[in-house]
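Here the structure is laid out as structure tokens; the discussion comes afterwards.
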Amino acid sequence: MSDAIYPVPQEWSANAKIDGARYEALYAEAANDPDSFWRREARRLDWIKPFTKVKNTSFNEADFGIKWFEDGELNVAANCIDRHLAERADEVAIIWEPDSPGAERRITYRELHEEVSRLANALKANGVGKGDRVTIYLPMIPHAAFAMLACARIGAIHSVVFGGFSPDSLGGRIEDCDSKLVITADEGLRGGKRVPLKANVDEALKNCGSVSKVLVVRHTGGTIAMQDGRDIWYDEAIAAASPDCPAEPMNAEDPLFILYTSGSTGKPKGVLHTSGGYLVWASMTHEYVFDYRPGDIFWCAADVGWVTGHTYVVYGALANGATTVMFEGVPNHPDFSRFWQIVDKYQVNIFYGAPTALRALMREGDEWVKKTSRKSLRLLGSVGEPINPEAWEWYYHVVGEERCPIVDTWWQTETGGTMMTPLPGATPLKPGSAAIPMFGVKPQIVDADGKVLDGATDGNLCITDSWPGQMRTVWGDHERFFQTYFTTYPGKYFTGDGCRRDADGYYWITGRVDDVINVSGHRMGTAEIESALVAHAKVAEAAVVGMPHPLKGQGIYAYVTLNAHEEPTEELRRELIQWVRHEIGPIATPDVIQFAPALPKTRSGKIMRRILRKIAEDDIGNLGDISTLADPSVVDHLLEHRQLVA
Ligand code: PRX
């Protein structure tokens, strides 16, 4: 925690869209008269049929339900493309920067309209209709945005799967939502390395029956197998399709997309977002949080495989008619100046990135930053995990040269868009604090028993009322939606995050309080990694916890008990690490595997994770009461063999 505070620069409070007084007024209006506030905000979109009802929501079991603008009709793609054509058809919608500096691509709104319409027709020609699911497994290339928008145009529901997931993880996600069609590329490129996307799809489809067609983008030109009757080249499909495709009128509550995310238990959940409320939220937060002005070059460095990419690379930015930068690569290729060179190349005004990348770049020294200009930057953003004050200060002083406010945006896949953040013209900045709630967000901090804690305090973060961008259900399991989020503290949405509120009313997210860990801003369920480990023939039992990691924020610490007669060798350790990468994907690579003859359990057989966490966190002076363990001596062995991180 840091005590530093940076006041709002005078030119920001004088010129920003939202200054301190306006924030207060709008926050109060959204809280007290949501109908009036949201009726006005929803006018930022074009409605095919205007809504008459604004909000119809309840978090209580008896009448549980979440509906916004429920009798309105609109089309999300038309809002992101068609309505901009009159004024900005020839302005650039997407700037694409490839993995290695070279042939960038600029796509105007007119071109975007044609690309998306052709692809929408190609989808229809291949049997995809309103309500059908389409899985998108692509690198960060413009086709990812085309694919999402083409689905939205015809009312198909997209499920984007991050290119770093394994065939198994991909297959599970395809199967869960019964996708009809997959859109992929021959290969992806990241930092010069090829990612075998099409081969992964082939592997995944061996066990999924629902998919009848695969559209394949020629990207690297690498050699791949094409299956007759199933696989179709993307370029051929769109060349054969008409550029004229009317946008399907959709009810505000019709699904827009599914995005799988990890929770504390079970397999990943298909978070479902719908059309009207989500787009209002995406567009509003993009405008106010980033103080977005027409003509700004906006760069959100997240992958479209995550919600940040959905809401700010694609939907929020394009709904506002922005020029959005899509970057295929990584911050350290070909060198550590890459981000800031891209900023200079396109004169980026707003840059939005993840703390994990900043920490990695900070370690390489200031020279990589300082040899670039960055004069175009006006605002910086942070997302995905708590930003430590050192990284914040570096971002502020070195990258932003003390000129650019930092918006530290706290939100989740479930929330659709930013929930808490400083607003650059309204909120003095405290390094590491997500500051204050967005309009319509009512945060509450409770203790473990659900008692509401007032004033300066520390506890679990809940939201007491609905906002338009809220997820509507878990795909195929509405009961799981209710159980997961609304039963821990009845009548409230429980975020899973710990939170502190200081004497000035600023919120500080302290990290997950459930069995979810945040590795380099990627959300992982410990249970998923455990089940991958126990699926290995030599493993009897596994327990996974987070541990502090200087670059990743949190690392993955796995305790593994082998089957009787198996030897804990270095070779087996390496094999298990590879195994998890293969089962889930490289993002789940364990940082530490500690072989443990036994795990600490209560007499009723429950693993005491608290103890495992303390050991992984190197907080061993503070193990708490271990007398309730079935065999307290287990802890001695764990302590003796714990692995400290470099
Ligand atoms: O723990 C919080 C952390 O990321 C979680 C949500 O992860 P995901 O659904 O993948 O969405 C990430 C992008 C919005 C949260 O429960 N988190 C996200 N942003 C912040 C954060 N923690 C602290 N500060 C943030 N700005």
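Along the chain as shown, residues are numbered 1 onward.
Each Cβ is built from the backbone N, Cα and C atoms, and glycine gets one as well.
Annotated features in TrEMBL:
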type: DOMAIN; residues: 23-80; note: domain 'Acetyl-coenzyme A synthetase N-terminal'
type: DOMAIN; residues: 82-465; note: domain 'AMP-dependent synthetase/ligase'
type: BINDING; residues: Arg190, Gly191, Gly192, Lys193, Thr308, Asn332, Ser520, Arg581; note: CoA binding site
type: BINDING; residues: Gly384, Glu385, Pro386, Asp408, Thr409, Trp410, Trp411, Gln412, Thr413, Asp497, Arg512, Arg523; note: ATP binding site
type: DOMAIN; residues: 528-606; note: domain 'AMP-binding enzyme C-terminal'
type: BINDING; residues: Val534, His536, Val539; note: Mg(2+) binding site
type: MOD_RES; residues: Lys606; note: N6-acetyllysine
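A Cβ within 8 Å of the Cβ centre of Val534, His536, Val539, the residues given for Mg(2+), is found for these other residues of the same chain: Ala532, Leu533, Ala535, Ala537, Lys538, Ala540, Glu541, Ala542, Val560, Leu576, Trp579. Over all protein chains present, the Cβ of Asn332 (CoA binding site) has 16 other Cβ atoms lying within 10 Å.
Mean pLDDT, taken over the domain 'AMP-binding enzyme C-terminal' (528-606), works out to 95 on the 0 to 100 scale. Fewest other C-beta atoms within 10 angstroms, among the binding-site residues Gly191, Gly192, Gly384, are seen around Gly192. Ligand 1 lies under 6 Å from the Cβ of none of the recorded positions Gly192, Val534, Lys606. Residues near Arg581 (CoA binding site) in space but far in sequence (CB under 8 A, at least 6 apart, same chain), listed by position: Ser166, Ala588, Thr589. The shortest Cα-Cα distance between Val539 (Mg(2+) binding site) and any of the binding-site residues Arg190, Pro386, Trp411, Arg512 is the one to Arg512. Not a single one of the binding-site residues Arg190, Gly191, Gly192, Lys193, Asn332, His536 has a C-alpha within 10 angstroms of the C-alpha of Trp411 (ATP binding site).
Looking at Thr409 (ATP binding site) and Thr308 (CoA binding site), their Cα atoms lie 11 Å from each other. Using Thr308 (CoA binding site) as the reference Cα, a 10 A cut-off selects Gly384, Thr413 from the recorded positions Gly384, Pro386, Thr413, Arg512, His536, Lys606.
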